[in-house]
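According to Swiss-Prot:
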type     : residues                               : note
BINDING  : Arg71, Asp75, His98                    : ubiquinone binding site
BINDING  : His106, Trp170, His421, Arg481, Arg482 : heme b binding site
BINDING  : His284, His333, His334                 : Cu(2+) binding site
BINDING  : Tyr288, His411, His419                 : Fe(II)-heme o binding site
TOPO_DOM : 1-14                                   : topological domain 'Periplasmic'
TOPO_DOM : 36-56                                  : topological domain 'Cytoplasmic'
TOPO_DOM : 78-101                                 : topological domain 'Periplasmic'
TOPO_DOM : 157-189                                : topological domain 'Periplasmic'
TOPO_DOM : 254-277                                : topological domain 'Periplasmic'
TOPO_DOM : 299-315                                : topological domain 'Cytoplasmic'
TOPO_DOM : 337-346                                : topological domain 'Periplasmic'
TOPO_DOM : 368-380                                : topological domain 'Cytoplasmic'
TOPO_DOM : 402-423                                : topological domain 'Periplasmic'
TOPO_DOM : 445-456                                : topological domain 'Cytoplasmic'
TOPO_DOM : 515-594                                : topological domain 'Cytoplasmic'
TOPO_DOM : 616-658                                : topological domain 'Periplasmic'
TRANSMEM : 15-35                                  : transmembrane segment
TRANSMEM : 57-77                                  : transmembrane segment
TRANSMEM : 136-156                                : transmembrane segment
TRANSMEM : 190-210                                : transmembrane segment
TRANSMEM : 233-253                                : transmembrane segment
TRANSMEM : 278-298                                : transmembrane segment
TRANSMEM : 316-336                                : transmembrane segment
TRANSMEM : 381-401                                : transmembrane segment
TRANSMEM : 424-444                                : transmembrane segment
TRANSMEM : 457-477                                : transmembrane segment
TRANSMEM : 494-514                                : transmembrane segment
TRANSMEM : 595-615                                : transmembrane segment
Amino acid sequence: MFGKLTLSAVPYHEPIVMVTLAVVALLGLGVVGAITYYRKWTYLWTEWLTSVDHKKIGVMYIVVALVMLVRGFADAIMMRGQLALAEGANHGYLPPEHYDQIFTAHGVIMIIFMAMPFMTGLMNLAVPLQIGARDVAFPFLNSLSFWLLVVSAMLVNVSLGLGEFARTGWVAYPPLSELAYSPGVGVDYYIWALQISGMGTLLTGINFLVTVFKMRTPGMKLMQMPIFTWTCTFANILIVASFPILTAALGLLSLDRYLDMHFFTNELGGNAMMYINLFWAWGHPEVYILILPAFGIFSEVTATFAGKRMFGYKSMVWASAAITFLGFTVWLHHFFTMGSGGDVNGFFGVATMLISIPTGVKLFNWLFTIYKGRLRFSTPILWTLGFMVTFTIGGMTGVLLAIPGADFLLHNSLFLIAHFHNTIIGGAVFGYLAGFAFWFPKAFGFTLDEKWGKRSFWCWLVGFYMAFMPLYILGFMGMTRRLNHYDNPLWKPYLVVAFFGAVLIFCGIACQLIQLFVSVRNRKQLADVNGDPWEGRTLEWATSSPPPFYNFAELPKVQDVDAFHDMKKAGTAYRKLPAYQPIHMPKNTAAGFSIAVFAFVFGFAAIWHIWWLMAVGFVGMIGSFIVRSYNQDVDYYVQPEEIEKIESARFQQLAKQV
């Protein structure tokens with residue numbers, strides 16, 4: 001009746017896992033108890049969990065990202081600790097099978113369940129406001145996308161206490177991910193978590209492309225959109241083009257595992273190299289899906305804190321377009337050693353090097369924007385300056401790896417690991433943390449505490465260099481990745497330094513949590529009264545902080561890129577309208593939540609081969625969608641009286657500051 005699920009699926013013999021489960025259970029009970037004690041369940045359900053407001057969905061995305069950052073970093077510091085100890089006769093504290101699961105979970109969580117939701121959350125928060133829209137094109141799909149992410153993240157975490165996670169590495173190459181070598185449920189957890197979250201991401205990409213192309217405010221031409229909106233648009237083009245490839249690759253792997261087919265097994269006509277091609281045809285665009293919005297954040301932050309118009313706006317747009325196109329032409333550099341031949345390797349090596357040109361254009365444009373600007377050294381600009389140095393190093397090592405001959409020497413070594421983290425942490429993560437500090441007051445109405453923000457930045461920056469620069473050296477010394485034990489005593493000092501670097505990054509994360517606590521405690525002193533704490537230049541700063549649920553009482557008229565800056569110069573930024581018109585808005589819905597719950601049931605049942613429960617989940621998903629499709633009560637009009645009340649309260653608040 002319960003398929004492969006038995007009591008033996010609970011890892012009683014793993015003390016680390018059981019202690020972790022106990023801690024998580026206690027924290028969960030504490031949260032549930034607090035919500036119950038303060039009687040907030042109704043508020044959470046009506047205002048947040050069923051909301052289709054893009055701003056609230058953005059906040060929830062970021063909450064999930066921060067939770068998964070803690071989970072993914074816990075895996076990282078455990079690996080660093082293991083490698084600092086496991087030399088010679090000392091085998092460390094993690095058994096190999098547990099280490100391999102942590103190794104896989106870290107990559108999957110940090111890329112799919114931390115970086116992606118962080119990026120999507122910031123995109124939800126800022127893009128509709130930046131283009132003067134009242135919401136996204138498909139508010140219900142936005143809610144559904146979020147809840148699909150949540151349930152897929154839950155599947156990854158459920159694997160901690162029921163069964164196991166994949167031991168394949170985050171790429172899950174065959175034949176290791178095939179049934180013969182991974183007969184347990186770990187790879188199935190991997191497949192269904194990525195399939196469900198990938199569907200949500202694809203819906204997000206479609207949603208935001210339609211939003212940007214069809215819902216810009218009157219007068220805003222494409223070449224008048226903020227750079228962040230542009231980079232998110234290019235990222236969404238990559239999402240729509242690449243995520244179906246991942247869906248297909250994992251679908252074929254599922255057929256191999258569930259129906260004994262042979263797409264990726266060498267016997268009976270299969271080819272493991274086809275999976276590797278398909279995976280990286282998605283995987284390399286995924287890197288640019290993560291980095292392009294971060295580039296947009298750095299552009300917004302640089303222009304704002306330098307007090308200048310962005311240098312080379314058009315070249316920034318075209319550079320983003322070039323990166324988007326070239327990002328689809330370089331996937332083979334992930335497996336130069338697979339035997340494609342010198343001509344093929346040479347083509348992809350040159351294409352990889354070419355990406356450094358538009359990236360360099362962006363870097364010089366940021367520097368020229370800062371040049372002769374009156375730079376204010378708040379936390380967002382510190383993350384930006386840290387990125388410029390760190391990402392440049394990562395880019396140079398990437399150009400080195402683009403040379404096939406050098407890659408043959410360094411492939412699969414820790415040099416590659418250092419390069420990847422150099423670009424993703426130094427680029428994407430630093431960008432998201434800059435955006436988090438930058439747009440936090442817009443979401444919550446008060447700024448983050450600067451003192452703790454700067455402490456976090458310095459811990460992250462110094463910790464990053466301590467954690468990953470030694471890995472470049474270890475790569476040259478011949479240390480390969482995926483090791484849980486080694487015999488070379490010369491490697492140990494570098495791995496110990498890397499461990500202490502990870503500890504410093506932990507201090508940075510702790511400082512961010514303290515920063516949140518201190519900021520909430522001191523929110524009255526840190527209040528953003530006029531909605532423009534940074535002297536912003538784009539339309540999101542024209543609203544109150546947080547913005548009203550309809551965003552704009554009247555859609556703004558735009559003539560140029562820095563629309564809000566122009567309004568302030570013209571004296572029209574804070575103009576109260578004599579009368580208001582009704583505003584068309586979507587109603588909240590629980591349909592996204594219910595469809596995602598059934599998707600979780602479907603995925604869990606598929607993992608454990610509980611076929612009747614899988615049918616329940618499938619019928620529930622389809623049924624919920626049909627019910628939603630026939631529901632005509634999905635929108636309403638905000639009446640002028642309500643708008644007048646909200647806007648009058650805002651202008652009274654502004655008048656007190658004059």
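Positions of Cβ are set from backbone N, Cα and C atoms, glycine also.
A quick note: this is a predicted structure, and the numbers were derived from the prediction, not measured.
A map of Swiss-Prot features onto the structure.
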residue : record                     : Cβ contacts under 8 Å, 6 or more apart
Arg71   : ubiquinone binding site    : Ile109, Asn157
Asp75   : ubiquinone binding site    : Ile102, Phe103, Ala105, His106, Ile109
His98   : ubiquinone binding site    : Glu14, Ile16, Val17
Trp170  : heme b binding site        : Thr104, His106, Gly107, Val108, Ile111
His284  : Cu(2+) binding site        : Gly327, Phe328, Val330, Trp331, His333, His334
His411  : Fe(II)-heme o binding site : Phe336, Thr337
His421  : heme b binding site        : Phe464, Ala467, Phe468, Leu471
Arg481  : heme b binding site        : Asn412, Ser413, Leu414, Leu416, Ile417
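Cα of Arg482 (heme b binding site) to Cα of Tyr288 (Fe(II)-heme o binding site): a distance of 25 Å.
Each residue of the topological domain 'Periplasmic' (157-189) gets a DSSP state, and the totals for helix, strand and coil are 6 helix, 0 strand, 27 coil.
Against the transmembrane segment (57-77), stretch 494-514 has more CB pairs under 8 A than any other of 15-35, 233-253, 457-477, 494-514, 595-615.
Apart from His106, Trp170, His421, Arg481, Arg482, the residues listed for heme b, the same chain places the Cβ atoms of Phe103, Gly107, Gly169, Ile417 within 8 Å of the centroid of those Cβ atoms.
Nonlocal intrachain contacts for the topological domain 'Periplasmic' (616-658), taken as residues 6+ away from its ends with a CB within less than 8 angstroms of a stretch CB, comprise 140, 529-530, 544, 548, 550, 553, 574, 576-577, 579-587, 589, 591, 594-595, 597-605. For the topological domain 'Periplasmic' (402-423), the model's average pLDDT works out to 96. The record assigns Arg71, Asp75, His98 to the ubiquinone binding site, and the maximum Cα to Cα distance across that set is 15 Å. Reduced to three states, the DSSP call for His411 (Fe(II)-heme o binding site) is coil. Note on the transmembrane segment (457-477): residues 80, 379, 382-383, 386, 390, 397, 410, 413-419, 421-422, 425-426, 430, 433, 488, 490-491, 494-495, 497-508, 511 of its chain, located 6 or more positions outside it, place their CB under 8 angstroms from a CB of the stretch.
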